[in-house]
Each structure stands twice: as structure tokens, then as C-alpha cells.
Amino acid sequence: MPQPSLSSLYSDHLRTLTARADEALQRGGFEHLVVPSGSTHYQLFDDRDYPYAVNPQFKAWVPLTRVPNSWLVYTPGKRPTVIFYQPFDYWHVVPDAPSGWWVDHCDIHIIRTPEQALALLPKHAERCAILGEPQSTLGAYVPNNPQPVLDYLEYQRAFKTPYELALLRIAQQLAVRGHRAAEAAFRAGQSEFGIHMAYCAAVGQDANDLPYGNIIALNEHGAVLHYTELGQQPPQPLRSFLIDAGASAYGYASDITRTYAADPGSDFQALIDAVDAAQLRMGQNVRAGVDYKQLHIEAHLALMGILKEFGVLTVSPEAALATGVSAAFFPHGLGHLIGLQVHDVAGFAASDRGGRIERPAGHPYLRLTRVLEPGMVVTIEPGVYFIDMLLDEVKKNGHAASVNWQRVEAFKPYGGIRIEDEVVCTDGSAENLTRPVFASA
């Protein structure tokens, strides 16, 4: 069956966004939605700017990620207006004129200076819901970020349109290309820095383009959850490799993690295989009506069951969970929403009018507490780690007998394991966005 083009998907996406904006503006009592793309920020006491990061509320409407000082304006009943900043500048590369599948659906105005936007913005700033950072202020147009508007728009962002799913799939394909190159570099004995460079070259994106800093961790560095140091020399002997790395596609992110053992016959490889199989089952449980908090708790029990089988735990999974021992080995959340942002917004939202669904007691790092609904895209990223700081807490809290410390010492040089896919919640079975791409890569 022929796939719809991005142009037709974008047209439907825009209808969804305008309907959401209509409702959000009505709730907030505003007449216009105004979204600045953001501006460049300069380092303290220097003339060097930080890497530009586009306002997520802006790139939700148009696939533009490198256009500071631009604006999106929507008034109910009218086409969206894009005020596109294209300066006269011989110091830097100037953005190309707008083109692509989206341009026929918006009214586009080119400006040469930021101040020229003033003539194109709605006449009465006080009637505008302006979503942005304080530095985007232009004259009377000061970002006010009205809570009723944000609550509604951010809650609805959890439900991805077919257009958004298409871009998330592209981001998966790019990232998997990088993951394959990174694994090959690891097998060839490269350093963390060398593996990182192989990844970036394969994806065609550098640190300013990637949705987050690559985690390239060899051996015991895999026990640092967000390890980003990139060692210049490969450790000897080379035991393990944990990579958590994504890619960007027109403003949408992927977030994928894999773990590899240098020795395919090692106990660590067997542990990877067990976590991988459990992760796949967890992803299949992403279904409408399922409470993500419960998936997180079930992940703890599954992982502790694996550690029990491998002789790391001496107590039952239930006992490890009840005493907090499980959190020493699996100290983060099972996953999060993903889309325009890696950790997408409204993961705790009780409704589109605000409110908060709290995390379960004893699980302070879970980033998603909502009940799953069709259209949500979540990560499923269970992990098992051997972290000295957390294992010391197990001993201090009187639970040393729950752990076989000899087995812990055997696994510590490998750092840890994390496996992460993106999964779509549908009306039926879960759709894993990541596994099929690896299978065909």
C-alpha cells in the first residue's frame, strides 16, 4: 500500500494543531497564539554564543530547527503565519529560504532584522498567548506562557499524529545507522572518542544536531548512568560497551540504548541476553489503559528475577523491591514520553487542565506516571548496574545479606546493562519502532 506523503501528513497534522490551539486559546481567554523560535545566547564575559536550541513549541508547527529570531503566529480561522528571519550577514551561513512540504500550508514573511517582526505580529500584545523564553521579548511582546494554554497543549502533545510518527521513524533509522557503526568501532577496539566519532559520521550529525549528548561507555563506565566523558584511549582489557545515543529528524528525537559484551561466551553476555528478552516483553505490555507506573514496578520485579537467577540476589524479587535493594541495581525509571523533546512534556499531567500524578514512593526518577493511551510514544529502557555508591547504601541500610557480593564483584568491571526501544501505544498491540530497524539494518 502506498504511504502518504509528508505533505499530506503535514496537512492533517496542522489541522490537529489548529484545533488544539483553538481550544487552548479559548481556555486561556486569548485571541492569538504567538510562538518565538528563540534566540542565540552568549557566554558570560565572551562574544561566543551557546549552541542554539529551538523552542519546542515552535518546531511543533514547522520543521525548522536553525532559525533564531523567527515567529509562528496563529489566529483561529486563519492560516498560520511564519515570520522567517533571514538576515543580511556575511559572518555566518544564512538560513535558506523556506521550502519543503510545509510551505504551502502557511503564510510566510521574510524579515532581515529581528525588529521587523513587530509590524507582522498581532496588533495587541495583551491579547496574545506568547509561548517562549524571556530572552525572546520583542517590544511589548513578552512571553507570558499562560498556564491554561500550556497545560492543554502540552498534555495533547503526548498523542502523536501520523506525521509525527513518520518523523520519529526517520529518527530511528538515522540512529540505528549510528548504532551499527558504533558497535563495529567497539569490535575493532576503538576508544570511546573514536566510537563517538564513528557514530556521528554514520548519522551525519554532530553534538549540535543530536538530540542529547551521546553516552559511549566502555567497561565500568557503563555504571555511570549519563557518562559523557569520551575517553581517548581504549581500556585494556576491553570487556563491555554501553551506548545510549539518538538522532534528530526535522525536530523529532530518537533515544536508543544497547549493550554489548566483548566476549560472546561470557556470563555478562548471558546477562545482556536475559535483560534484552525481558525488555522485549516489557515493550509488548505497552497497551491502552495500562498504568505506566505499574509497568515500572513490574520491570523491577522482572530485573530482580534475572539477578536472582544469575546468583546476584539471595532474596526474592518481591523482597528486593520492598526493601529498596532493587533500586540499587535499577536506579532510574523505566522510560518516558518522547517526541519533540527526548524527555517529552506532560509525563506527570493529571489532565489537560493541569494537576500532577505523583511517582510511586521510593521511585524518584520515574519520568512518566500517566495511564497509556493510543498515540503515545514511550521509551522502554530497563537497566541493571553495579554502582559502588548505591551498593554501599545497601550495606549501610542493613541489607547486605540480600546480595551475593562475590557475584557483584565479578560483574562490576562490566559496569552495567541498559536496553532501550521506542514503543507506540495503539488501539491494539504495541508497535516497537526500534527493533524492526535493527533487524533490517
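A Cβ is built for glycine as well, from the same backbone N, Cα and C atoms used for every other residue.
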Which of Asp209, Asp255, Asp263, Asp267 belongs with His336, Glu381, Glu420 in the Mn(2+) 1 site listed by Swiss-Prot: Asp255
Mn(2+) 2 site partner of Asp255, Glu420 (as recorded in Swiss-Prot), chosen from Asp244, Asp273: Asp244
Output field, Mn(2+) 1 shell: CB within 8 Å of site CB centroid, site Asp255, His336, Glu381, Glu420 dropped: Asp244, Ile256, Thr257, Gly335, Ile338, Val342, Thr379, Ile380, Asp421, Glu422
Other same-chain residues whose Cβ falls within 8 Å of the Cβ centroid of Asp244, Asp255, Glu420, the recorded Mn(2+) 2 site, in sequence order: Ile215, Ala245, Gly246, Ile256, Thr257, Thr379, Glu381, Arg418
Chain-internal residues near Asp244 (Mn(2+) 2 binding site), provided their CB is under 8 angstroms and they sit 6+ positions away: Asn214, Ile215, Asp255, Ile256, Thr257, Arg418, Glu420
